[in-house]
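Features reported for this protein in TrEMBL:
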ACT_SITE  A:D7  active site
BINDING   A:D7, A:D140  Mg(2+) 1 binding site
ACT_SITE  A:E67  active site
BINDING   A:E67  Mg(2+) 2 binding site
ACT_SITE  A:D140  active site
Number of protein chains: 2
Amino acid sequence: MFVLGIDPGLSRCGYGAVRRSGAELRAVACGVITTPPEQPLPERLAALAGELRALLAELRPDVVAVERVFFQTNVRTAMSVGQASGLALVAAVEAEAGVAQYTSNEVKQAVVGYGAATKEQVQRMVQSLLGLAERPQPADAADALALALCHHAQAPVQARIEAARVAAARR
Amino acid sequence: MFVLGIDPGLSRCGYGAVRRSGAELRAVACGVITTPPEQPLPERLAALAGELRALLAELRPDVVAVERVFFQTNVRTAMSVGQASGLALVAAVEAEAGVAQYTSNEVKQAVVGYGAATKEQVQRMVQSLLGLAERPQPADAADALALALCHHAQAPVQARIEAARVAAARR
């Protein structure tokens, strides 16, 4: 299974792709999409949407794991993070990939085993799990790789929960 | 000038198109895009994005006026409204329309002359300004028509402010 993690953001949108073959987990790509802060919001969102589409067309992941965002103290940032997450979810559906969403705490719990782990702890575990020579940089890219790793860990559980949900909804 | 107002929302996304010819303001289209609540969020967002693109391709407005959304008490709704607004802004840019954003209070101020106007007052004024036989229904469609009317009223002022901003940024 090939999973692309996306840590949505307008100024910095992290992505990280992890392929699993048997027991082996391998980082295929990671990086950050940025949009210029001096541009108007609609143009920045459109640029991000275009970059996300291009990334999905290039990588063709089976599943896209997007961080589930909540409201922060900074209302302005939270709104643009919400808008960016919407674009990521739509890009995933339109690329015919499966879509999963995890909160930051769920990712930390799955990857570090501790929901309140620090960014540095996440980076170390991502490095270790993927056998990388160096700690993945920047933090947004590491978070995106962690999202992909979280989905690799959670997918079997999620599949069972989803099947039960669908069955319950049809009753 | 032909303006499409969009009142973003995931369950109900209002739209209303108003054309101005000389002093005459005419409603060309209005309605509501809905997505089924029983579907998963990513599919609903993708369906909304598709509908918005189709609407823009059909109407080809010069400008799209999108309600600027803020956080409400209902955090779940606010996030999906934010996501929907992001999709509307991107659809507008990709359709090569101009984009404007107004808060609900700015719209009420421009259309009713009173920032705390009720939904009913907005509907009455929209009916009156557009010479409609009946009050526009539902409220989301009336709000979208009001957004379009707000832009028709504000565009000359906005153009001057924007020109001044661009000039200031280049200094």
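Even glycines carry a Cβ here, placed using N, Cα and C.
Nobody curates TrEMBL annotations by hand; they come from automatic prediction.
Model, not experiment: these values are computed from the prediction.
Under the DSSP three-state reduction, A:D140 (Mg(2+) 1 binding site) is assigned to helix. The Cβ neighbour count for A:E67 (active site), using a 10 Å radius and every protein chain shown, is 26.
Around A:D140 (Mg(2+) 1 binding site), a 10 Å sphere centred on its CB holds 24 further CB atoms from the protein chains shown.
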